[in-house]
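Single-structure report; data block below.
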Amino acid sequence: MDQIVIRGGQRLKGRIPISGAKNAALTLLPCALLTDEPLTLRNLPRLADVDGFGHLLNQLGCSTTIEGSRPEDFGRVMTARATTLTSTVAPYDIVRKMRASILVLGPLLARAGEATVSLPGGCAIGNRPIDLHLKALEAFGAEIELASGYVKAVAAGGRLAGGRFTFPVVSVGATENAVMAAVLAKGTCVLENAAREPEIVDLCNCLVAMGAHIEGIGTETLTIEGVDRLHGATYRVMADRIEAGSYACAAVITEGDVELVGAKASEMEATLAALREAGATVEETKGGIRVAMAGRAQPVTLSTAPYPGFATDMQAQFMAMATLGTGASLFTETIFENRYMHVPELARMGCDIQVKGRTAVVRGVDRLIGAPVMATDLRASMSLIIAGLAAEGTTEVNRVYHLDRGYERLEEKLQAVGADIERISAG
């Protein structure tokens, strides 16, 4: 099994290209199931989850071709075409590896009138049920059955009727599934208290490019007027705001100066506000965002919240950044339970972190010491990388397959801005 070895203490300085967003790509790929014409996605990141989703599309009868598959290529281009769906079943052996696989449920139901999808896997960061996905689809006319670890959904007459659904709590995945299901409904579908993440805006814009009728994009109320068919399109995947924020935290903890090329400030305002709270210089550039730090980070008080609040996917990285800060930082995790699994691993490096329920207090220490650590999930693994970049000595990060699910060519990007980091392959 691969590991990443970091010899810390190097100040990061230079330009880091930000890849296409993993969370957007995994939402845009299932759009190919909604039409029999080609959907071409540009700026697609080279990630294990993206490759896995492509395999799932193949299983359902969707052909895929990829340009830019050489190791040195950034921003791959995938063309997917589902001329005829050969299956409406997403099997356990694929879905168990990747939670985002549940996002084929809505498109299959919309296109074929039925779908059978295994209950999902993915990161082990607590209980993430799909009940809101199913309730939204039921509100649009679907009949849902759960049996033997699978969800079976059927649209009476082969097509959803339409309807109105109010999310009792904001859910990104459920909003995405419901929007994709609604675009081919017979009537109008209204989603209230919908998630507003930039990735959902990206999804809606792609669907509109394919001929969908969606009003209220970027707001909490989405009105989707169903159409008879969608056509193909060419669409560029948005930049990854979580990747950009992760490298920003790395710049701060190493007292560095980096430009995040391709990042958009308008899509990550809460992250940038938190960086400024920590004392970083943050400014927009012609090509992205510059983040620079002189001295140790100031204490921050952060509580995760649905967009436009502070993203739960940035919590672990900011916690790592705060470990060498000047005082005590307070973190409250409101989205997922059990999302502090990185804390024991950070403690191995000398971090002072106390967790009580959903709250964590991070007291800055004068130094971190490199140690062997183990990644537990995608964002937790990045927090270990960030801490390792600033630690004295050598840090060995194990189970890096978690990183490969969400960070494209991480070692190469960090090496280019001065980090002493390498991947050691097993065997």
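Every residue gets a Cβ built from N, Cα and C, even glycine.
These figures come from a predicted structure and were not determined experimentally.
What Swiss-Prot records for this protein:
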type     : residues                                                      : note
BINDING  : LYS22, ASN23                                                  : phosphoenolpyruvate binding site
BINDING  : ARG99, ARG128, PRO129, ILE130, ASP131, LEU132, ASP313, ILE335 : UDP-N-acetyl-alpha-D-glucosamine binding site
ACT_SITE : CYS123                                                        : active site, proton donor
MOD_RES  : CYS123                                                        : 2-(S-cysteinyl)pyruvic acid O-phosphothioketal
Inset, instruction - Rounded to the nearest Å, what's the C-alpha distance separating ASN23 (phosphoenolpyruvate binding site) and ASP313 (UDP-N-acetyl-alpha-D-glucosamine binding site)? Just drop the number here, would you? - result: 11
Legend entry - Entry from the binding-site residues list ASP131, ASP313 having the most other CB atoms no farther than 10 A: ASP313
Inset, instruction - Measure from the Cβ of ARG99 (UDP-N-acetyl-alpha-D-glucosamine binding site) and count the other Cβ atoms within 10 Å, all protein chains considered. - result: 19
Inset, instruction - Round to a whole number and give the Cα-to-Cα distance in Å for the pair ARG99 (UDP-N-acetyl-alpha-D-glucosamine binding site) and LYS22 (phosphoenolpyruvate binding site). - result: 13
Inset, instruction - Would you kindly give the Cα-Cα distance separating LYS22 (phosphoenolpyruvate binding site) and LEU132 (UDP-N-acetyl-alpha-D-glucosamine binding site), rounded to the nearest Å? - result: 22
Inset, instruction - Taking Cα atoms as reference points, rank the binding-site residues PRO129, ILE130, ASP131, ASP313, ILE335 by distance from LYS22 (phosphoenolpyruvate binding site) and give the first. - result: ASP313
Inset, instruction - Might you list, by sequence position, any residue in that chain lying six or more from ILE335 (UDP-N-acetyl-alpha-D-glucosamine binding site) with a Cβ less than 8 Å away from its Cβ? - result: THR304, ALA305, PRO306, THR312
Inset, instruction - Provide the three-state secondary structure of ILE335 (UDP-N-acetyl-alpha-D-glucosamine binding site) computed with DSSP. - result: coil
Legend entry - For ARG99 (UDP-N-acetyl-alpha-D-glucosamine binding site), the three-state class that DSSP assigns: helix
